[in-house]
Amino acid sequence: MAKRQLNRRQNWRIEKIQGERAARAAKREQHVLQELEGGDLGPEQLGLVIAHFGVQVEVEAQDGEAAGQVFRCHLRANLPALVTGDRVVWRAGNQGIGVIVAQMPRSTELCRPNNHGQLKPVAANVDLIVIVFAPAPEPHPNLIDRYLVAAEHAGIRPLLLLNKADLINEENAPTLNAMLEVYRNLGYPLLEVSAHQGDGMQRLQQMLDGHISVFVGQSGVGKSSLVNSLLPDAGTRVGDLSEWSGQGTHTTTTARLYHFPNGGDLIDSPGIREFGLGHVSRDDVEDGFIEFRELIGNCRFRDCKHDREPGCALLKALEDGQVSQQRMSSYRSIIASLPEDSY
């Protein structure tokens, strides 16, 4: 069934109602904050944001007698937007409720544009981004490459994870193996696992230990199943593939941070079908394709668009087999999706 198109007046009315609701929620939140800060608050202490629920977050105490305990906290209005993985300074109040008073500097942040083109942080202080895909739904190199560019741009090390390896068969193996070979040749770490059968899961756990990781990938690739296998007590709800579309149904509703027994953390984020890169420039995209780095700057023309220009180093590398057609197609698709002012 086709999605109903809204006219300008309907969109305006929806935004007006949402704005009024947000204003009422903010007013209620401010009243709660005033009551909390007017009472007895404990000393400032360090905390870790492990989940975000709109105007409130769950914070795990990092020091003191309450270390390891989780508190629901309100945010002061002057704070920037917080995300799972943020390190904060907070003060405990009554009845297990606290107030966040400061945000600690982030070592990294993973961002994506929202529907209005504004940057929205997804997770903070991550040092490993696990890009999950599977034989079904059919993996798209373009989406994988978008994640890789985002990881390179954010300075976060990527790990390519093929889940549902038990679904590889004679029909899909040739295409899948050809796609994987491209990434192996580029030197990207790649692991094949099956959360359902347990194959490769021990190796995955070893690769995650000691890192703050985030799982990304389109819906239906088994991110929640992976979390349930790695952390049986997490209780992440699992969704099936939609029979009609073959795409996954979104199950995780908020990003949450989990601890591994041997050290390291995992942030399980909602399924993302299309990872936008509107916040990066053409230069950022070119730098995100690691095999392009030694070639960029060697073209005959400084403003080369790597399309049909004579003396293009990228086109020559493509012709010689140094750059794969798969990656070149992804690059062109990503560049075409950028706003014109990013050129």
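Note: Cβ is positioned from N, Cα and C throughout, glycine not excepted.
Computed from a predicted structure; not experimentally measured.
Quick look at what Swiss-Prot lists:
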- 116-275: domain 'CP-type G' (DOMAIN)
- Asn163, Lys164, Ala165, Asp166, Gly217, Gln218, Ser219, Gly220, Val221, Gly222, Lys223, Ser224, Ser225: GTP binding site (BINDING)
- Cys299, Cys304, His306, Cys312: Zn(2+) binding site (BINDING)
- line: By a three-class reduction of DSSP, Ser225 (GTP binding site) is assigned helix
- line: Counting every protein chain shown, other Cβ atoms within 10 Å of the Cβ of Lys223 (GTP binding site) number 30
Statement: Should one count Cβ atoms within 10 Å of each candidate's Cβ, the binding-site residues Ala165, Val221, Cys299, Cys304, Cys312 would be headed by Val221
The domain 'CP-type G' (116-275) [mean pLDDT, rounded to integer]: 82
Field: Beyond the site residues Cys299, Cys304, His306, Cys312: chain residues whose C-beta lies within 8 Å of the centroid, for Zn(2+)
entry: Arg300, Phe301, Lys305, Asp307, Glu309, Gly311, Ala313, Leu314, Leu315
- request: Measuring Cα to Cα, tell me the gap between Cys304 (Zn(2+) binding site) and Val221 (GTP binding site) in whole angstrom.
  value: 37
Message: Please report the Cα separation of Lys223 (GTP binding site) and His306 (Zn(2+) binding site) in Å, rounded to an integer.
response: 36
